[in-house]
Structures are given as structure tokens and as C-alpha cells.
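Encoded as C-alpha cells, here's the structure I'll be asking about.
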Amino acid sequence: MAYFSSRLPIALLLIGISGFVCKQYVTVFYGIPAWRNATVPLICATTNRDTWGTVQCLPDNGDYTEIRLNITEAFDAWDNTVTQQAVDDVWRLFETSIKPCVKLTPLCVAMNCSKTETNPGNASSTTTTKPTTTSRGLKTINETDPCIKNDSCTGLGEEEIMQCNFSMTGLRRDELKQYKDTWYSEDLECNNTRKYTSRCYIRTCNTTIIQESCDKHYWDSLRFRYCAPPGFFLLRCNDTNYSGFMPNCSKVVASSCTRMMETQSSTWFGFNGTRAENRTYIYWHEKDNRTIISLNTYYNLSIHCKRPGNKTVVPIRTVSGLLFHSQPINKRPRQAWCWFKGNWTEAIKEVKRTIIKHPRYKGGAKNITSVKLVSEHGKGSDPETTYMWTNCRGEFLYCNMTWFLNWVENKTNTTRRNYAPCHIRQIINTWHKVGKNIYLPPREGELSCNSTVTSLIANINSDNSTTNISVSAEVSELYRLELGDYKLVEITPIGFAPTDVRRYSSVKPRNKRGVMVLGFLGFLAMAGSAMGATSLTLSAQSRTLLAGIVQQQQQPVDVVKRQQELLRLTVWGTKNLQARVTAIEKYLKDQAQLNSWGCAFRQVCHTTVPWPNETLTPNWNNMTWQQWEKQVHFLDANITALLEEAQIQQEKNMYELQKINSWDVFGNWFDLTSWIKYIHLGLYIVAGLVVLRIVVYIVQMLARLRKGYRPVFSSPPSYTQQIPIRKDRGQPANEETEEGGGNDGDYRSWPWQIEYIHFLLRQLRNLLIWLYNGCRTLLLKTFQILHQISTNLQPLRLPVAYLQYGISWFQEALRAAARATGETLASAGETLWEALRRAARAIIAIPRRIRQGLELTLL
């Protein structure tokens, strides 16, 4: 027990020393390759040179590279700011292109309408349109079929148009006027009141404010890409198994811009996509059945739509300031239609096989026949879901896909065609928000458009026996496929980590490592490296970061200068201009934050703040900065507050230290501010002496009271008994003075002021003597101690010298022995090697000697 008691203080001492030595402090690193998810606006870039493209986007220079990163990152195509911005921006471009602007609420009146046919003499006659009968069976066409040119393929009819009459107030508000207008039958809701005429209204005119386009605009496809603003960058999952959601994508690349993509706006299918490959793959939502299927490019799938016939558009002025457009009927227009080219049946079979192999749908799909492509729509469904909706040269086509579905599903006893009849509507449901727009009647002349089919929008419902691929009207899903493998992140170059180095302590200098001058993405090349290796290059990385940010923001600045006039009045132009200052604002914000911690313009900044969580320590050899930041992000607020408090205290200490340092300059003693301080000091000394006098007086009065003695008739302050002074012998008694003052008595005393001065001098003398004796005693004791230590160390000098000499001699002997041993081993090795070589040569020569002996014998 005594043994442990004697060792306990030593153990406690060692624990205390180890705790002091191993204490961790917060170290601030600037320029680390770390990031966090961001939601800032992206910049649009395009190669289109038409007015629409140049007004909406910046010119694309095509100089964008990708860098492979050795990291793991999570990606989600549906929870993604890049895809959401694409949907919003394309809708904005869509509205800008076709822009409905005239309210048509006044046209919500009853109209008398009739289905109309015309003869060549323009004498219209009202008849009932007979439905077109279509024979059942298979009928496919190809590019050489003459019906394509003549628009006379089997089953295609004429567009149903209704001529309507209605009354409205014209320029005279109190007087009704008769108007005539022509509508597509699909845009009207009618009640059959007579045999040939109907009472009709515009569809949904009572539920929505409808607008008409001011002018007919083109909706041509626009190829564009997104670019990250300065200080941000894009990550892309480059894994071929990525299907819209992957929490751990290990094949990640970084870039400043996305790939080029097309502006798409259609239901059922995606056109001219950039993600199509020589395989079929599925993007699926993590929580529901929303999917988008990328179709195989091997089958060369395409769609060719056409609207035949000539049409004219004339204005109708209804009331003052309101102009509505109509089309006079010259001839019943032929029906618009779309032709599907390519090996569609095999493409759909491959889609089914892909679904069967997919791990999410294995439970329902047993074979290809159990997977069906269907169009599920109930009563009252939007026409964009019931029909395939697309935009062809500014016209909105609604195609009945029944023949097409029968063809690809190979349904017997049905009408199977590789083309679909379409009709054109003027009242359109908006695909991005709830609402309706009305557009001008179809443009004059023949319209046609061709597109490559690259994807299928669907909802996949699976049960125990079948799996249904239900086509969908979610236009936004197209951009999940195009940009779902990207994510926008913001660089966070400031990081915290614990080290055992405290501020202002001696630190071994770091070995400098040569770093190549890289661009902005080169800064991210170290993202997959260990923290220890990255910290060695922070100085160069921080310079690369700033230079890359400046270079990155210079690109939009240059292109903005080229198009300053066009960009002045556009929304996207304003967004692009705002992105210019993002980088500098971010850099200044980081430097201001570093300055508040006392780490301005430092790449590695040691502090005096203890590390708040000793259980969290980084693995400098195997952990990346991004992994470390994810572990300690919850400590950022606490560390930031501690660093700010430490910096405030440090500034106070530095201020006090500077005040002390100013005393050693002799000229500062004669400064005006110094004299003011001296005056203050003098006033304090006088006040102190007064207080000291009062205290001494009180103390002495108390002391005399304790002795029971006090001068009776002494004038205060009288500290001693009055000194008796005898009368002069030569002075006459009772001699009156010149003034008749009489005798002044036999005794008198010195004035009390002189006695007080004597007392004060005695006190001061005693104080100085005490200070002198104390200092002299302290110096003598110190000298005696030092002399004693020196005397005690004197005998040790000779043994220490002998010991040093012995150590040096021993080292020299070891070196000599090592040299001798090396030489001996080398000589022995050479001798052994030579002996082995000779023995080997002798063994090898045995067959030759035998042969030579035999030859001699035979000779």
C-alpha cells in the first residue's frame, strides 16, 4: 500500500504533463477542397445566334472541361436545384416565345355554331361531319409511301371547324353588334339545340382568365447549357448504373458547365434529348412510380409531324382596344398527323425487358407479355394526358395515339398504324402551372417538323401479375433525365481541424511542395486526397482558387460586354449580370470572416482556442476534407464564437502591450499626452498623501487613547506634548509692550506645522530605509543562492567533461568498428563470391571436359 501511495503523486504528475502536452487547439485552414449544396441561379449559354437565343442566354464558347474526383457524393434527380431551374427557365422561355397577352373574358358569351364544309365556289353549306371509318388490321407506311406527300393515308380525315355567330358590344358600348368567328370543335363546349346548329361557349371560360397571343411566334428548339456562377461548380455522377437516385456515387467529375441540351415541351415522349445511348435505361423516383425511360438509339426512333393546307388569319375588333383573330373558311383543312419512323416494336420490347430485369419491378413482371404500354386516363382527364401533346412550329398538336399503341403492342382485331391523327387546339393548358392560354389560329401554309425520339415519360405500376407502363404528361420529367446527374455546390474554402500547435509557439517549418498552376477546377483536383497532403499545398491552392474565380467571372463579363444592348432589358440578362459579382463578394466575405478570427490572408492559422470535442479527431492520412467537414459541421457555430472571443481578447492584450512598449522610448516621455498623464499622476500622489495623513492621524489618536493620554489644550494636529521653554532671564517682568499687550507668560510652544513636517520627514525616511534594507537583503540572498549553486556545480564540470570526451571517443570507436566490419565483410564477400563463381564455372565445365576427353579418346 505504501508503494502505491509513493507512486501516486508521480502518476498524477505524468498525467498532468501529458494532458498539457497533448492538448488540441483549433487550427483554421483556408483553401481546402470542400463544398456544400447550393441553390444560386445558374447562367445560361447557347450557340444559337437568332434574336430569341441571344436575348435569353449568353453566347457559348465551348471551352469547358471536366476533372475526375476521387470522392463519393449523393445525387438525386428529383431533389435537385439544377433540374428545377431548367424547368422554370424553359417555361419562362416558352412563355416569352409564345407570350399570350390579350384577355378574352369578354368572349365568354353564347355563340350559335355549326359544323361547316365548303365547296370550291366558296358557297358554304352547313352539314353534319361524318366520322371517318377506318378498317381494322395492320397498316404501316415508310418514307416512300405516296400518301405521305398527299396527306391521304388511311384513316386521316378533315379537321372539324365550327363557324360561330355571337353578339357583343362594339365601339358603341350601348349597341350590340354581330360577329363571326371560326373555332376548332375541340375548343368549344356545345349543347345541341337544333339539327345543324349548337349553342356553344369557349371551354373553361368561366373558370379561368384566358389570354390570346398578341402575335404568332415560332417555338423553335434552342440548344443551351447551364454554367455555374463564379465561386460555384457542378458535380456530375458519371456512373452508368445511375438511375436518378444514388446516395453513394463513386464516379464523380467536376465541371463549370453542363452538357448541351434541347428545350423540350411535349407529353408522352421526349424529343432530341442528349442522354440517349446505345442501351435502354430507367430513371425512377425514389418514393413513387414516376419514371422516365431513355430509349435505345440503335432503333433510330423518330417522329415526323405535318399540318397540310393553306389558312389565312384576319383580325376581329370587338371593343375599343381589344382585337381578336379569326380565320375565314376557304376550304375544310386536312387533319394534322404524325408518323413514327424506326423499329418501334423492338424498342418497346427492349423497354419491357429492361423493366423485367430492374430490381424495383421484378415482383410484378414475369415476362414480356406481362408488361403493357397503356394510356390510362379517366373521364375529365386533361387532353395533354389523353393525347400526345407537342408543339410543331408554334402549333399545338394533340395526337390520338390509339393506333400507335395497338401497333407497338401488336393487338389483334384492332386498327394498327405507325402514324396517328392529330388536331390543333387554340386553348392550351399550361404545363408548368395551373392555367390556360389561348393562341392565334394556325399560321398560313403547310407546317412540318421532325424530331428524334429519345425518351418515354411514364408511371410504372406493378402488381403480382402485370406491370403497366402508363404514359405521363409530366413535361418536367424530361429535364430530370437531361440534368438529373448534375448537382450545384458551393466551395467552402474555410475549414477547422484540431492540432497540437498553439498560436505563437515554435513550429517546425513545413516542407514546401511544388504545385502546378491549375485553373479553377484544378483547385478541386485535391478533393480526393488526404487532409495531410492537401494541407501542404494550401498556399498555392488558395492563390489558384482566387485566380480561378476571377477567371471564371471574366468569361460572363466578356460576353456581356458583347451583348450589352440586347441584355439590357431582359430578365435573364439581369440574372447573368448579377452573377458577375458573386465571386468577389464571396471572397471578401471569407476574408472578413478570417480577419475576425485574426487569420486574414493566412492559409494555416493556429489559434489559442482549445478544440471543443476531444473525441473528434481527423485521420490526416486517409480522410478527405469533405468527409471531415461533414463530421464537424455541427461544431462550426461554436468554434466561430470561440474564435471571435479569443480574437477580441487578443486585441485587448495587444493594445495593453503596445502601451507598455511605448515607455522604453525616451522621446515619448516629453510628449504632450505624456505630460497630461504626469499631471494626473501627481494629482493622484497628492491625494494619496492627504489620505495617508488622515489615516496616520486617526491611528495615532487611537494609540494615545489606548494609553489613556491626550494633550488637553493642544491645537490639532498636535501629536506630541508641547515643549516647555523657560523665560529669558534678561527680560523684565510684567513689562508692557508698545501696544499695551502685557506679559506673554513664562511658557510657549513651537507651531504645530513645523512639528508635522518633522513627523512627515521621519515617516518618509523610515519608508526609504525599509525599502533599501529590503532590496539589499533580497539581492544578498539571491547572490548567496547563485554563489552556492555555482559552488556546488563546480565539482561536476570535470566529470561532465570526461563524460563528453568518453562519449565522443566511444562514437569514434563505433564508427571505426563499423568501417572495419564493412571492409571485412566486403572482402569476405568478394572472396566467397569468387570461390562460388569458380565452383560454378567448374561444374558447368564438367560436360565440356567429358566431351573433350571423349574426343581425345576417339582420336
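Residue numbers in this text run from 1 along the chain shown.
The backbone N, Cα and C atoms fix where each Cβ goes, glycine too.
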Can you check which of 164-205, 206-247 Swiss-Prot lists as region 'V2'?
164-205
Looking at Swiss-Prot, which one of Cys249, Cys257, Cys449, Cys599 makes a disulfide with Cys392?
Cys449
State the residue range annotated as region 'V5' by Swiss-Prot; the candidates are 353-359, 465-471, 787-793.
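So the range that Swiss-Prot calls region 'V5' is 465-471.
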Give the range, chosen from 514-534, 766-786, 829-849, that Swiss-Prot lists as region 'Fusion peptide'.
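It is 514-534 that Swiss-Prot describes as region 'Fusion peptide'.
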Given the glycosylation sites Asn278, Asn343, Asn400, find the one whose Cα is closest in space to the Cα of Asn112 (N-linked glycosylation site).
Asn400
Where does Asn278 (N-linked glycosylation site) sit in the DSSP three-state scheme?
coil
C-alpha of Asn278 (N-linked glycosylation site) to C-alpha of Asn300 (N-linked glycosylation site): distance in Å?
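Just about 10 Å between their Cα atoms.
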With Asn248 (N-linked glycosylation site) as the reference Cα, tell me which of the glycosylation sites Asn150, Asn165, Asn241, Asn300, Asn343 is the closest one.
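So, spelling it out, the nearest of the glycosylation sites is Asn241.
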When the Cα of Asn464 (N-linked glycosylation site) is compared with the Cα of each of the glycosylation sites Asn241, Asn300, Asn343, Asn400, Asn450, which one is closest?
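So, of the listed glycosylation sites, the one sitting closest to Asn464 (N-linked glycosylation site) is Asn241.
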Can you grab the distance from Asn241 (N-linked glycosylation site) over to Asn450 (N-linked glycosylation site)? Cα atoms, rounded to a whole Å.
31
Taking all residues of the region 'V5' (465-471) together, what is their mean pLDDT?
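Reported value for the region 'V5' (465-471) is a mean pLDDT of 85.
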Give the helix, strand or coil assignment DSSP yields for Asn165 (N-linked glycosylation site).
strand
If one measures from the C-alpha of Asn400 (N-linked glycosylation site) to the C-alpha of Asn450 (N-linked glycosylation site), what distance in angstrom results, rounded to a whole number?
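Rounded to a whole number, the Cα-Cα distance is 18 Å.
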